[in-house]
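The next block holds one structure in the form of structure tokens; read it before the comments.
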Amino acid sequence: MIERGKFRSLTLVNWNGFFARTFDLDELVTTLSGGNGAGKSTTMAAFITALIPDLTLLHFRNTTEAGATSGSRDKGLHGKLRAGVCYSTLDVVNSRHQRVLVGVRLQQVAGRDRKVDIKPFTIQGLPTAIQPTQILTQIVGDRQARVLSLQELKERVEEMEGVQFKQFNSITDYHSLMFDLGVVPRRLRSASDRSKFYRLIEASLYGGISSAITRSLRDYLLPENSGVRKAFQDMEAALRENRMTLEAIRVTQSDRDLFKHLISEATSYVAADYMRHANERRIHLDGALELRRDLFSSRKQLSSEQYRHVEMARELTEQNDTEGDLETDYQAASDHLNLVQTAMRQQEKIERYNADLEELSYRLEEQNEVVEEARDQQAENEERADAAELEVDELKSQLADYQQALDVQQTRAIQYQQAQQALERARTLCQLPDLTAENADEWLDSYQAREQEATEILLMLEQKLSVADAAHGQFEQAYQLVSKIAGAVSRSEAWQVARDLLRDSSSQRYQAERVQPLRMRLSELEQRLREQQDAERLLQDFSKRNGQDYQPEELESLQQELDARIETLSSLVAEAGERRMTLRQELEQTQQRIQKLTARAPVWLAAQETLTQLSEQSGETFEDSRQVTEFMQQLLERERETTVERDDIAARKRQIEAQVDRLSQPGGSEDPRLNALAERFGGVLLSEIYDDVTLDDAPYFSALYGPSRHAIVVSDLSLIRDQLAGLEDCPEDLYLIEGDPQSFDDSVFAVDELERAVVVKVAERQWRYSRFPEVPLFGRAAREMRLEGLRDEREALAEQYATLSFDVQKTQRLHQSFSRFIGTHLAVVFDEDPEAEIRTLSSRRGELDRAMASFDGENQQQRQQYEQAKEASGQLNKLIPRISLLCDETLQDRVEEIRAELDETEESARFIQQHGVTLTKLEPLVSVLQSDPQQHEQLQEDYTQAQNAQRQAKQQAFTLTEVVQRRAHFSYADSAGMLGENAGLNDKLRHRLEQAEAERTKAREQLRQHQTQLTQYSQVQASLKSSYDAKQDMLKELLQELQDIGVRADADAEARARQRRDELHAALSTNRSRRNQLEKQITFCEAEMDSVQKKLRKLERDYHQMREQVVTAKAGWCTVMRLVKDNGVERRLHRRELAYMEGDELRSMSDKALGALRLAVADNEHLRDVLRLSEDPKRPERKIQFYIAVYQHLRERIRQDIIRTDDPVEAIEQMEIELNRLTEELMAREQMLAISSRSVANIIRKTIQREQNRIRMLNQGLQAVSFGQVKSVRLNVNVRETHTTLLNVLSEQQEMHQDLFNSNRLTFSEALAKLYQRLNPEIDMGQRTPQTIGEELLDYRNYLEMEVEVNRGADGWLRAESGALSTGEAIGTGMSILVMVVQSWEEESKRLRGKDIIPCRLLFLDEAARLDAKSIATLFELCDRLEMQLVIAAPENISPEKGTTYKLVRKVYQNNEHVHVVGLRGFGTETPETQEPAS
């Protein structure tokens, strides 16, 4: 009997507290006992690390971290190690009694992340005497040892003979070896498998019901049905492969379309370029000839333009010279007009100033007289006012003195003093030192008489002065008038000059009256002179234009000649227009006919090309439309016959395929209903039992069982008797045999074997004789042999069917081609050749073009002559009315005479105009000039002296009068007499003072009034004098300016000057217009010459280039034609309909095809390179080479086994037919490969039933397990309701959902997912694809719901949840579930490992003290019954009488921390020695 593998020991090297410690593991339970921090969890962590060295999974948390989202930073491993190399190894002995040391090397990695480096390794073949610590450490002293590095360990192991050391770089390889050696219960292929294993170990370590496991019990307990899944995958793969083949066919069809597209685009690309080059070659030849004709005509045109340019340049030079003269004359006329206008304005100003001066002179004389009179009166008033003022002052002084004397006692003295003062003033003023108060009267009389005499003398001189002033004013006025007219004249010659001026004024007035008639006469003559000059210029211009000098007398006869010539040319031009219109109409008709034929020619050529192709395909020649329709009827008959023969072959083929399908049924059942019945009855088909029978025995067994070879073998017939009552869907004869399907034999029949036959005794009175069948079908080998023959026959029929299908499709395509031809081209294909008529019409069009060109040249020359004659006639019409002017030769002399006479009269008129008023004033005053009153100044001086003497005499008389009046003051008689005299004198003085003040007031008022009046008179005089002087100065300036202007300012001068200027402006404008016209014509002519020269140069260049292109293209064209003819592609490339397309259209067609070809040949390096080379426009032969390369490439791709042609175009057509046939066959094959939804449902149901039975057997092993109040534990398995509905629909209602399973777009998995969604629309599928959901639905595990139930106390069976159980009960229940999982894994992996290997079983339990003694005993019993090892940890000893117990105590010794370990193997056994690891 094979023994189960066991873990012998666990070794820790250089762990925290354990330097080199080996724990021997008990075959059942190993207990680690110790206080908190003793090292129990560290020991278990070392075990788990060696078992699952995956840092992504390892996480050794404390029980206090149960509610935390994350554990310690180093996941509990870094802190359990010491610095340096650490080891954790497991010593295992497997079922083969092989010792294997599996473990890991651990080492802390420096850094703040607290990482740990792990390296797994194994050592096989290690002798039993060698302990793990001996090989992992090296003794270096009596009590010292060091840990070996992994490399040193490897070297040490390799030195041992028969010992193998293996280091692993991947955890998968490590676990794979552990599975093969029986260390782990299942193969851990992926991280998911490792995670499940770690979750199981973790769940056992921490105890309780692990939600991570209970939530996914299906993944832990139910094995993956890889066989069924692989069958489904194979079916889908076959379908996928079939569909991929179909897709490949479609791709091939697209490739065929691509090839067709390639040949089509290549033909378009090369043919368009080929025909474009052919067209361009023809166009270049025609262009070269046309350029040569244009070159000759341009040279002729250039000569004509050059001659015309010379003539116009000469005329322009003359016009420029004339324009310079006219501009000079026009500028002079404009200046003269400006001077005349200025002189006219000056003359107007002079006349206005003369009138103003006459008026001012008269007013100034009057004002002078008024001012003189006012001055005299003012002088008298001043004297009178001064005298009155003196008198008042004297009287006031006297009155004041007398008043003062009356007021005080000294009045007499004051009066005396005043009298003395008056006497002194009188002496001084009168220059009389001997004057006294006594002789004052005498002197007063004499001075009064002297005053009277001076006054009389003054009055006499004033009268003389007044008379002298009058005579002197007339003489000065007359003298000023003479000086104004004649300039500076002496006073003695003034009278003679005045007489001469008055004598000459009469003749000058007569001359002034003749100015206007002379001006009118001169204006008329000047106008005629200008007209004569204009006529002479017109005559000169006319002579220049006609190239001949003409006399005025010859103009009338020349006019008659021109009129006759114009009439002749007009009739010729009119006739030429009619003739040209006739030629134009004929040319347009010809062009319209050519256009119609050109538009019809491509259609006709395309129809001819199609007719040629149809003739080649059919091998017939067609002359008219009747033959075409008759041949179509023949095609229909041929197609009908071939179709009938093809359908017969298809029927035979279907029969064979039905036989193949029937023989291909699983288990050899020819009727699918038998499989359902066998499943229903719980039996097995007899054909399945004998499925492995050999080919030689197949005839015997087939004859042996005869009609019952399709029977169903059941274990008990009585059990199915009731089911037969309602049986409907079954064969007519259903055979049932009772027997054990696992050990069935043929002993149920009594049989005698004959020569190739058997006799079967069915009953006592019934025998059956059966011959061996010629083709036995009993057993898989016989069926496969028959299937092979049927398949061969089917292949032959398929080939024959393919040939007939090919012929039918070929006939159909030919019929379709004829149908398209009739609908598209039959109306035009048998018409006359339009190209022949186009060539005839093109020749006629060329003749018409040449005739019209010649005619246009003649017509243009006639039109030029006609225009020239009309222009000359117009000029003559202007000259003929002026012939008399041209013949008048005395006109210039008469103009000069009148102009000289007019100058004289204008001079006299200007003199009269300037001095006429002055002469009129001078005429009555001329006699005054005969005598000059020279004594006027002396009389004026005498008058002034007399006036001064009179004023002095008056003052002297006044002072003497004052002395005489104060004479009494010089002596007083007494005081009373002096007072009385003073009182009388006071009254007298007062009376005189009043009179004097009244006179003074009156004198002041008169003086003020006269002073105001004199001021006004003086202001008016000054204003008039100023105005007179200003206007006199302005008049002098105006006269000087008029003299400086030097023109006559008469009434008609401005009109004449303006008329002259306007005439010259009109002539200048006409000249400039002609000059501008000539300049424009010269510019246009030069531009035309430049254009013609550029055109000529371009034509020469283009002509030479065109000739070079023609020559070069000829060589290249010869190469192209040689390639085309040598390779036989001329018929495909020379597409005559393309000749009617423009070069741009052909280039666009070629470019579009090139773009499509680049995409088409992107994956073909050779064609891509050839295409790239063909893009060179200078090498057209490379496009032909590309076309040839495309044809060669397609010829190489032709399958000669199915296509019988070398022409790629025909091969493409045959390929299309063949691909259609293959598509039909593959679609039929896909229907054969389709997965039956009913069979899928049956397979899933069978698998579910098998797994439910397996779970029930696992439950039997847990029925006796009890923990606390938990009496029993079981695993409940149910099928989900939604999935049950899905299975029912798949098996019974699949017809309702054939739209999913018959769709070519969906795989079976996708169809299954769509059906599931259709049945359960309320379920959210999330982001998963239908393929993923379908694959899940093909896995039976997804149909099951699993949960753990416990039988607890009075509650009965309830769901196992931690909240409903105590801690111990939960730990025990969880441990039971884990044991079930381990058992399930072992059974699942049994077929994957060696038959002589039973894997180790080991679980963990930390903090086992939470279990009571009964539960612990149950655990021990469970481990004993299941041959399972268990490692538990608890603070106290648990059941020390069983298993092995280790007591751990952590101590500090000499500043070093270590764990003291004591081991106990049950009660009564010997205690091992205490071991203390070296520190």
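The backbone N, Cα and C atoms fix where each Cβ goes, glycine too.
Annotated by Swiss-Prot as coiled coil, the relevant range among 246-305, 1146-1205, 1206-1265, 1326-1385 is 1206-1265.
Range annotated as coiled coil by Swiss-Prot, chosen from 5-35, 160-190, 656-686, 780-810: 780-810. Most Cβ neighbours within 10 Å, among the binding-site residues Gly34, Gly35, Gly37, Gly39: Gly39 holds that distinction in the structure as shown.
Residues within less than 8 Å, Cβ to Cβ, of Ala38 (ATP binding site) and separated from it by at least 6 positions along the same chain comprise Leu1448, Val1449, Arg1450, Val1459. Neighbour counts of Cβ atoms within 10 Å were taken for the binding-site residues Asn36, Ser41; the minimum is at Asn36. Of all the Cβ atoms in the protein chains shown, 24 others lie within 10 Å of the Cβ of Lys40 (ATP binding site). Listed in chain order, the residues near the ATP site other than Gly34, Gly35, Asn36, Gly37, Ala38, Gly39, Lys40, Ser41 are Thr42, Pro1435, Leu1448, Arg1450, each with its Cβ within 8 Å of the site Cβ centroid. Across all of the region 'Flexible hinge' (666-783), the predicted model scores a mean pLDDT of 79. When secondary structure is read from DSSP and collapsed to three states, Gly34 (ATP binding site) falls in the strand class.
According to DSSP, Ser41 (ATP binding site) is assigned to a helical segment.
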